[in-house]
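Found this in TrEMBL, in case it helps:
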DOMAIN    1-179  domain 'SPX'
TRANSMEM  234-256  transmembrane segment
TRANSMEM  276-295  transmembrane segment
TRANSMEM  316-340  transmembrane segment
TRANSMEM  346-367  transmembrane segment
Amino acid sequence: MKFGKTFETHLTIEWRRQYMRYGDLKVLIKRGVDRAPPPATTPDYEIQAYYRAFEETFLMECQNELTRVNNFFLEKLSEARRKHNTLKIQLLAYSHVPGHTSSDLSIGSNRIASHLPNRRRSSAEKKMTQRQLRSAYSEFYLSLVLLQNYQSLNETGFRKICKKYDKYLRSTAGAEWFDRNVEFAPFTDGHLLQYIIAEVEDLYTLHLAGGDRSMAMAKLRVPPLGEPTPPFMVFRAGLSLGMLIMLVMATAAIYWKRPPTADNIPGFMRLYRGPFTWVIFNFFMAANVAGWQRAGVNHVLIFEIDPRSHLLPATFLEIACVFGILWALSMLGFLLHDLIFVPDPFLFPLALILIMLGMLVVPLPIMNWPARWWTMKLVGRVVSAPLHYVGFADFWMGDQMVSLGNCLVDHYYIFRFYATCWLRSHLMINCFKPDVMVPIMSSLPAWFRFAQCLRRFRDSGSKSVSYLINAGKYSTTFLVVLFSTLRSQTDGDPNNQT
């Protein structure tokens with residue numbers, strides 16, 4: 001029997017849609033202010049009647065959101081209590097193994113087990129191993145932390161939207177409604193949830209950590225966002241950066257002394273420009289994550305990442321340096337291929353691409369597999385944007401791909417070169433001429449964002465026109481690509497000039 005779910009599984013569409021719709025309420029406030037009658041030409045009683053009616057509408061929407069948040073929270077809290085009781089029964093069965101003792105756990109769990117239906121009791125009697133219990137409690141504890149985040153985020157959302165209403169409408173109704181309704185709402189009462197969390201910590205410490213609370217907390221607790229980077233990780237990142245700098249300097253010196261032949265220079269530039277994207281992207285990711293942490297931005301929650309396995313800035317720096325070292329070594333092999341008795345220099349870019357792809361997609365529990373799998377899933381969600389709900393991480397990755405449109409074309413050139421030109425004695429300059437696929441590849445990132453905006457408009461409760469405006473902005477890329485392609489096909493050809 002499986003207990004708990006991973007952090008990514010919890011953040012499904014069910015969870016996303018149960019948060020209070022702050023954006024829709026903000027649009028409602030803006031719409032109410034924009035549609036207010038002008039004071040210069042409208043009697044005071046009409047203006048007051050308008051604002052009273054709008055206040056009723058706004059507070060009714062807030063009440064609907066509050067009811068939905070309360071219902072969802074109580075449902076998940078009840079589910080957490082049931083899981084907690086089931087895990088206590090499993091822990092009781094484990095504690096009956098010779099060498100383990102149980103006190104109040106056995107009394108409470110026996111009482112729980114006596115009220116279980118026969119089918120559930122029989123499934124609960126299947127004993128779990130210590131490793132399974134540790135994993136189950138770890139996942140269950142993470143789900144409780146997620147429920148705490150649900151509490152705090154919704155409370156903050158209601159507070160901010162009420163303040164925004166009071167600011168734009170010059171009223172105190174928002175703050176009064178918040179004090180009357182949200183302060184005493186079920187979802188803001190965290191006593192029971194905190195009690196379950198404390199009991200989980202105590203049970204894990206006593207029965208699964210041998211009484212060592214520090215070890216139990218290390219297994220259960222979600223690490224803080226600004227945790228210090230381990231010294232050994234900093235050492236590895238610094239060592240990799242030093243090796244990369246030396247290799248880049250050596251490559252530049254050798255390129256100056258022994259440049260490729262004139263026929264190979266176009267291929268050298270095209271084939272190595274694409275993989276360099278992997279290097280510079282991870283360097284910028286290291287800078288971004290470091291900046292987010294320093295500014296107090298909770299990017300782990302925003303990007304819906306497992307808080308126990310997110311990457312630190314030093315890890316991104318190390319990844320960038322490893323890719324950079326491979327990139328520099330491959331260029332050295334290309335430049336010195338005749339000295340190491342390799343007849344074809346284009347074996348080195350091919351080996352570089354295959355190694356990089358292997359390091360990304362090989363499903364082995366090495367080289368930060370959870371982060372690699374998260375990245376692949378995120379790219380897959382961007383590519384299939386119209387088919388599912390679009391979250392913040394999807395938008396973010398789509399924007400990155402728009403910025404890297406030329407790099408996507410470079411990767412297409414690499415694929416086409418090795419699929420059609422390599423080993424076929426074609427002139428090198430002809431292997432990198434644009435074809436019909438180049439404008440299509442150039443348009444793909446803009447299409448991904450265009451489709452995301454349309455899907456976001458479809459899923460939005462407010463049907464905000466800003467999503468359509470954003471989609472229109474990205475659709476202009478299609479015209480730019482179309483006319484630039486037509487111009488490149490007609491420039492220099494007198495037969496096509498008018």
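The backbone N, Cα and C atoms fix where each Cβ goes, glycine too.
Heads up, TrEMBL stuff is auto-annotated, nobody curated it.
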Top stretch among 276-295, 316-340, 346-367 for CB pairs under 8 A with the transmembrane segment (234-256)?
316-340
So if I exclude everything within five residues of the ends of the transmembrane segment (276-295), which remaining residues of that chain have a CB under 8 angstroms from its CBs? That is, six or more out.
225-226, 311-314, 316-317, 319-320, 323-324, 327, 356, 400, 404, 407, 410
For the domain 'SPX' (1-179), what's the model's average pLDDT?
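Per the prediction, mean pLDDT sits at 77 for the domain 'SPX' (1-179).
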